[in-house]
Amino acid sequence: MGDPGPEIIESVPPAGPEASESTTDENEDDIQFVSEGPLRPVLEYIDLVSSDDEEPSTSHSDENFKCKDYIDHQKDKVALTLARLARHVEVEKQQKEEKNRAFREKIDFQHAHGLQELEFIQGHSETEAARQCVDQWLKMPGLRTNAANSGTKRSFQRGGRMWRSEKPILCPIMHCNKEFDNGHLLLGHLKRFDHSPCDPTITLHGPLANSFACAVCYEHFVTQQQYKDHLLSRTAAADGHSNSLLPQIIQCYACPQCFLLFSTKDECLKHMSTKNHFHQSFKLSDNKGTARPISFPSFAKKRLVSLCKDVPFQVKCVACHQTLRSHMELTAHFRVRCQNAGPVAIAEKSITQVAKEFIVRGYCSDCNQVFMDVASTQSHKNSGHKITLANSVEESVLLYCHISEGSRPPCDLHLFSQPKISSLKRILSVKESSAEDCIVPTKKVNLGVESLGGATRVQRQSPAVTAWFCECRRQFPSEEAVEKHVFSANTMCYKCVVCGKVCEDSGVMRLHMSRFHGGAHLNNFLFWCRTCKKELVKKDAIMAHITEFHSGHRYFYEMDEVEEEEEEAMPSSSVESHLNTDKPPSPIAVVDHCPANSPPRGRWQCRICEDMFESQECVKQHCMSLTSHRFHRYSCAHCRKTFHKVETLYRHCQDEHDSEIMMKYFCGLCDLIFNKEEEFLSHYKEHHSIDYVFVSEKTKTSIKTEGDFKIVETSSLLSCGCHESYMCKINRKEDYDRCLPVLLEKGRLWFRCSSCSATAQNVTDINTHVCQVHRKEKSEEEQQYVIKCGICTKAFQNTESAQQHFHRKHAALQKPTATPGGANRSSTCQLAASASHAEKNLKQPSSQKHSDVEKGAEHDVRCQNIEEEVELPDVDYLRTMTHIVFVDFDNWSNFFGHLPGHLNQGTFIWGFQGGNTNWKPPLSCKVYNYLSRIGCFFLHPRCSKRKDAADFAICMHAGRLDEQLPKQIPFTILSGDQGFLELENQFKKTQRPAHILNPHHLEGDMMCALLNSISDTTKECDSDDSSGMKGSPAEELRATEDVELEEAIRRSLEEM
């Protein structure tokens, strides 16, 4: 309230005892109010008491008035709020009653309409009746195919109308012409990158209405019963009609000029009128009438769609005509390079060109011949045969479908003629098998080779088991195993079309597509031959490529192997073929099936990537192409950083150098920098395009003297391809030179800078780093880098020491050839026992005692630290995971049995066992089977018989992965040992989120929830479940996260 003013204050008598005395002396009628200023409304008043006994209390009465006024105001406010809420509830109740009433009316209407339709379709077939019901339902008021009804209040607008979507969105790629109802569908289409202009179904919407056509007289019928009546009436005419003549089901209509498909004839006519497509692309008669929609049978529609899908297409830039192979590449191109241009889709054929296959001029049913032109039709008609003619495109399509469905494949038309692609499986003929005195195999597909010799000699005994053999004579227990071996031996893998990464497992590739490319590219990968650098789309095509261009592992076959001779024949043959895997097959083991076409004794090798080629032309083309080798080609003139792609250089200059682009050309093979692209290309052509050599094969089929005999190493092969011990220094140098780049490429060995934490996979990169970054610190007297082991991270001063360390400590023996029976495997060290058995059969005389002693010593160590034939999980594959769990099966062997459900996707389980524990996989556990099937479980080879061997292995591999994996991937160790707490403290120093869980203190559901919460990036701690558990793992986990948070805050404050 405002200030009452001086005039009102003056009229108030003073307070206190003096005021009371003066008030009693004066008369009430003598009181006057004097005002000097302008009149104002009276804001306060004085309660005048008539009684002399009562004392006026101005302040007390004013306080009571204010309090009463405030309470009344609050009461009125509450009353208004309650009234407003009551009205709101009443309105909602009325709306709900209206919705319920409308829903009941709709249900009653549908029920009545359904009863009416059931009476109408009693005489129709089930399929036709169901289709009519769907058509009638779509015509009803209410739900629509182009309307959105989410069940919320937005669906019901004023007047009970339903919200409808806006105008369909057109794909921004030119010539794609696909439309979508909303942006989400368009985004999925863009990610799938299916912009083929040769797609006749883009205008095919809604249900397909069936009608029936006669393939003899080309008449159309609405129902199937009318067609049957037509056949009964025309059977006696003997003009081709018969009771067995199947009708052609008309499901859609095609535009006569562009052959786009439409659900109804009205839609097709509307399209023809809009596009002015009243001209026929194929004229089969002189009739000059107006073109009309072509009735397209179901068989022709499926055939046209299938042929159009096989038509390759490309998406190119309108400005620079660069081919764009993915949505990611397209987006990056138009963001960096051609910002004012657009993409266009180009197909090798148009729909009209594909539809030309349906054009047939005549058909003779007597001799089953098809005629494609008028001359051949008339010539054959003169012979007296009755020919069915097609005078329009519609009649030609009906005749085509009648011929194709009547005889597959047709004799002359070859409608389904596809390239004869051979399978990898062969079937031996009876003549060949009898000539070799062996049992006739059950399967063998002929690939154009007339004779197949060298089959395994097996006597006709029983019982027999089925086995699969590769061309290299290795035996496998299943067809999947031998096919996987053929793919691996021929360097076949899968290549991602989006980013170009390669992988040997299709499951890993699909996981890569799902994780890194949004899930829309699950099938957007190709088959890639690393030897020939060739991309093929289909699996059958890659098989044909293996058969034509490769040798040694081109096929496999199936045979009935005698069970009795398995123990005698298989160990020696398996070891022999095992030792000769990387060498040309012996003439005793495998006979050359095509000696006339056999390649020369030698191959060409590229010195840059060490890939081998069959001819000089192939290796020359490989070296001439800049895309064959991946190296840095561009350099920033500001900071001398190098890049693979020019787009990356542009982004670098925009971010780091204020969009000032200064580019130079850099040769990553020899570290030279050029100012112009012509100089770089000239340098590459002169020096690197001819960097290949011819590698001759020393082995010969006929050996005349002992001097011509090459020393054959008889020791066992290691997992890297080298031998366990060598008798010849030349063989050792060759194998080590071949093995070292492979170890560096796979990350088994790597270079580490001595001055900083930089790493590299080859000498060139580490030397470049030392020269550019540590120019001032470089000294010729001391080495600026060390070579570290990728498994135990031990450092060495030279590559030879590091390679020898890897062979001694981490290279396991290769697994011998798989046999169905698996004889002589009683030892717990299966691989070492099998390898020693092979050495026993193939060992040379006792002149090699020194090598035997060395081999025996290494063999004893390997029996304790043996790694099976499988390699450790690939680091690139582990980078795709969201959680790495190390399980100590010595402490908790029933890990999978305690899990109540599946773990989150991206959780990788790495199991360890040691001591006397003999952990067996729970084959009946669904969680274990699922993780094994998707490749998210790996059982580490038995460490040793020491009690703490598994703990040491966990620490070693966890430390190795901590250096190689991104820091956001958490590690969890499931073990009851308290020694891992120190490992957790070490991980804190490296900023790695790590958790140590004791499985003995956790229930299965609690542990599963903890593991899933760790892998979830948006996890929140469940404080309710763990509030009463004092000292529980959940509290330890929460405390650990608090400590990490405090440490991060402290570190950030120090930096500030």
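Glycine is no exception: its Cβ is also placed from the backbone N, Cα and C atoms.
Residues annotated as compositional bias 'Basic and acidic residues' in Swiss-Prot: 849-858, 1033-1045. For LYS77, LYS139, LYS270, LYS301, LYS309, LYS431, LYS583, LYS704, LYS729, LYS746, LYS849, LYS989 (among others), the entry in Swiss-Prot reads SUMO2 cross-link, with the evidence type similarity to another entry. Under the heading phosphoserine, Swiss-Prot lists SER155, SER429, citing similarity to another entry as support. Under the heading omega-N-methylarginine, Swiss-Prot lists ARG158, citing similarity to another entry as support. Taken from Swiss-Prot, the feature region 'Disordered' covers 1-39, 806-830, 839-858, 1019-1045. Residues or ranges marked as region 'Sufficient for E3 SUMO-protein ligase activity' in Swiss-Prot (evidence: similarity to another entry): 1-246. Taken from Swiss-Prot, the feature region 'Important for interaction with SMAD4' applies to 168-521. For 38-41, the entry in Swiss-Prot reads motif 'PLRP', with the evidence type a curator's inference.
For LYS309 (SUMO2 cross-link), the same-chain residues that are 6 or more apart in sequence and have a Cβ closer than 8 Å to its Cβ are SER196. Counting other Cβ atoms within 10 Å of each Cβ, the lowest count among the recorded sites LYS270, LYS301, LYS746, LYS989 belongs to LYS989.
In sequence order, no residues are near LYS729 (SUMO2 cross-link), counting only same-chain partners six or more apart with C-beta under 8 A.
The shortest Cα-Cα distance between LYS301 (SUMO2 cross-link) and any of the recorded sites LYS77, LYS270, LYS746, LYS989 is the one to LYS270. LYS77 (SUMO2 cross-link) and LYS746 (SUMO2 cross-link) are 76 Å apart (CA-CA, integer value). Cβ neighbour count for LYS77 (SUMO2 cross-link): 10 (other Cβ atoms within 10 Å of its Cβ, all protein chains included). DSSP assigns LYS309 (SUMO2 cross-link) to a helical segment in the three-state reduction.
On the backbone, the CA of LYS270 (SUMO2 cross-link) and the CA of LYS77 (SUMO2 cross-link) stand 64 Å apart. Annotation note: LYS729 (SUMO2 cross-link) sits in a helical segment as assigned by DSSP.
Following the DSSP three-state reduction, the secondary structure of LYS77 (SUMO2 cross-link) is helix. Under the DSSP three-state reduction, LYS270 (SUMO2 cross-link) is assigned to helix.
The two recorded residues, LYS77 (SUMO2 cross-link) and LYS989 (SUMO2 cross-link), have Cα atoms 61 Å apart.
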